[in-house]
Amino acid sequence: MWGICRRTMVKVGMAKPCGLMKPCHLVKPVSVTRVSGRYLTHQKGLPSLPVPPLQQTCERYVSALEPIVEVDELKHTKELVDEFQKAGGVGERLQRGLEKRAEKTENWLSEWWVQVAYFDYRLPVVIHSSPGLVLPRMNFSDKQGQIRFAAKLIAVLYLLTLPVEYLGGKPLCMNQYYEVLSSCRVPGLKRDSVVNHAKTSRPPKHITVVHNFQFYALEVYNSDGTPLTAEELRVQLERICASSPRTGVEPVGILTTQHRDTWGRAYVTLTQDKTNKESVSAIQRSIFTLCLDGAKPPVTDEEYRSSAAVQMLHGGGSQWNSGNRWFDKTLQFIIGEDGTCGANYEHAPAEGPPIVALIDHVVEYTRKPDMTPSPTAPLPMPQKLHFNITPEIKKDIEEAKHAMDILAQDLDMRVVVFGHFGKNIPKAHKMSPDAFIQMALQLAYYRMHKCCCATYESASLRMFRLGRTDTIRSASSASATFVKAFDDPSKQNTEKVDLMVKAVNAHRSYTTMAISGQAIDRHLLGLKMVAVENNLSIPDIYTDTAYAKALHYKLSTSQVPSQTDCVMCFGPVVADGYGVCYNPMNDHINFAVSSFNTSKDTDAAHLAQAVEGALLDMRTLLEQAPRAKL
């Protein structure tokens with residue numbers, strides 16, 4: 001369920017909870033400005049994120065550890081937890097501090113979360129943090145088709161009004177929709193930041209277009225404030241492509257793929273030059289980035305989806321399209337000459353659902369026939385953004401190429417379509433499709449590795465003002481009992497079904513708890529942050545080996561439902577783990593499974609195959625055994 005930080009204590013999820021978000025009245029178009037009155041009224045009506053009771057979190061923390069740590073380890077942790085939560089102890093002191101913070105802020109978590117999960121996280125955003133989104137292959141296979149589709153995509157963004165979303169009849173926070181456009185991550189030497197130029201008095205009126213590693217600022221509004229038509233945009237994009245042949249241009253954009261400390265230092269060097277600084281500023285201020293990609297490695301039809309996912313996630317390496325990006329930009333639409341389409345987004349400002357909702361609307365509009373007349377007036381040439389490449393910057397680019405190629409070669413990405421059934425089957429058995437799929441993931445992992453592992457699934461906190469995500473811990477005592485019994489020949493099918501139902505219901509219960517602001521992970525983080533900000537000693541429960549195991553997510557997962565037949569993809573969050581994203585359609589399920597080739601313990605193709613087997617075996621069990629009561 002995306003919200004996405006999947007990164008131990010540093011990742012979020014792309015959480016869209018199991019319930020469907022239902023639209024109602026519309027809010028403003030997500031172009032440049034917001035309808036402040038309606039937006040503010042809506043936001044003020046949302047509740048604040050609660051601070052869960054200390055004892056409740058401590059009890060649930062111990063329960064969450066049961067399936068993933070040894071008995072002796074759990075006993076030691078219980079002693080630490082008892083000491084932490086005792087009357088008059090450090091836990092109560094930190095809890096009071098957190099409750100005071102909640103009284104004084106709109107959301108006690110959101111600022112800390114962005115800081116810890118993103119700005120202080122120093123691995124490259126590529127693969128480790130920024131997800132990719134793969135759309136169905138579009139019906140064109142040449143430069144002209146690429147340009148026509150790109151022009152229509154840009155044009156439709158200005159027709160959009162976005163629905164206020166509801167979950168279970170309750171309105172959801174819409175703030176993230178206003179953080180996606182005209183925003184950009186900025187590297188720092190030790191900590192990054194995000195700038196949002198949509199909130200300035202003069203919001204940007206241009207997008208960035210990248211073609212053959214060359215950057216352009218394309219004005220998408222006329223002087224009178226009206227947006228350019230699709231035909232006008234087509235003309236402008238043709239002018240960009242004609243003026244940017246691939247002739248030994250240095251791929252400056254590949255610098256954004258580097259380790260954040262390395263990129264932070266290179267950024268200082270790059271922007272010392274006035275021309276470079278102005279070009280970087282134009283990219284950062286732009287509404288979004290459009291990447292017009294060249295060729296990608298030839299693949300078979302069977303490999304196409306996985307190859308497309310690689311392009312969306314990291315561009316394929318320095319020899320392909322990794323330099324045709326600015327990975328710090330919040331939203332990048334990516335369109336290849338062969339019809340490969342999708343997006344990449346930088347995670348700090350927003351979770352997955354706003355991105356997917358935006359994409360759903362865009363795809364819906366682009367399917368409509370274009371009735372735009374030909375342009376009637378000449379347009380100014382799009383502005384090329386120049387870069388002066390010094391020997392030092394050239395060295396930084398070469399180092400970035402090398403590092404990116406190593407990272408690209410290490411990632412194993414498999415996109416598969418499970419075509420036997422979709423959410424229709426679990427629904428027919430009155431089960432949550434998300435919980436059913438999560439239990440299949442637990443079964444698949446257990447069959448491969450003969451143990452249970454800490455599993456992350458993101459839960460949206462958008463029922464609360466400025467809400468981001470919390471963690472659904474899919475590995476539970478109920479799921480462990482279920483997966484251990486599933487292949488046990490001594491167990492009867494009726495018992496296995498009962499255990500499946502209990503596991504599915506336990507997951508559903510945890511999901512409800514999490515989206516209600518009562519999960520454990522963000523609360524534990526908040527208590528720790530109170531200690532950090534008050535220069536207090538970090539309590540022993542945080543240095544305990546069990547806590548490290550709880551945050552070592554070997555299964556980092558996210559459900560990202562979409563009306564479009566697409567799938568999101570991301571890398572694992574630990575070296576010996578998997579990244580699994582899925583989009584359950586009615587009669588099939590799209591999966592993106594990733595692992596690192598350098599890990600001898602993981603195999604993305606094997607896990608994808610194991611998930612397929614688990615789903616089929618669970619359906620067979622339900623069909624053969626008498627129904628248990630849910």
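Positions of Cβ are set from backbone N, Cα and C atoms, glycine also.
The domain 'Choline/carnitine acyltransferase' annotation in TrEMBL covers 49-612. Annotation source TrEMBL lists active site, proton acceptor at HIS347. The feature CoA binding site is assigned by TrEMBL to LYS423, LYS427, ALA428, HIS429, LYS430, MET431, SER432, PRO433, ASP434, TYR456, SER460, ARG508, GLN559. Among the features that TrEMBL reports, (R)-carnitine binding site is placed at SER458, THR469.
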Close recorded positions near SER458 ((R)-carnitine binding site), where close means Cα within 10 Å, chosen from HIS347, LYS423, LYS430, SER432, ASP434, GLN559: GLN559
Predicted model, mean pLDDT over the domain 'Choline/carnitine acyltransferase' (49-612): 93
THR469 ((R)-carnitine binding site) versus GLN559 (CoA binding site) - Cα distance in angstrom: 13
Cα within 10 Å of THR469 ((R)-carnitine binding site) - qualifying recorded positions among HIS347, LYS423, ALA428, LYS430, SER432, ASP434: none
Alpha-carbon distance [HIS347 (active site, proton acceptor); LYS430 (CoA binding site)] in Å: 34
Least Cβ-crowded entry, counting other Cβ within 10 Å, from the binding-site residues listed as SER432, SER458, THR469, GLN559: SER432
Integer Cα-Cα distance in angstrom, ASP434 (CoA binding site) to the residue listed as 'active site, proton acceptor': 23
Cα distance (Å, whole number) from HIS347 (active site, proton acceptor) to LYS423 (CoA binding site): 28
C-alpha spacing of HIS347 (active site, proton acceptor) relative to SER432 (CoA binding site), in angstrom: 27
Cα distance (Å, whole number) from the residue listed as 'active site, proton acceptor' to ALA428 (CoA binding site): 35
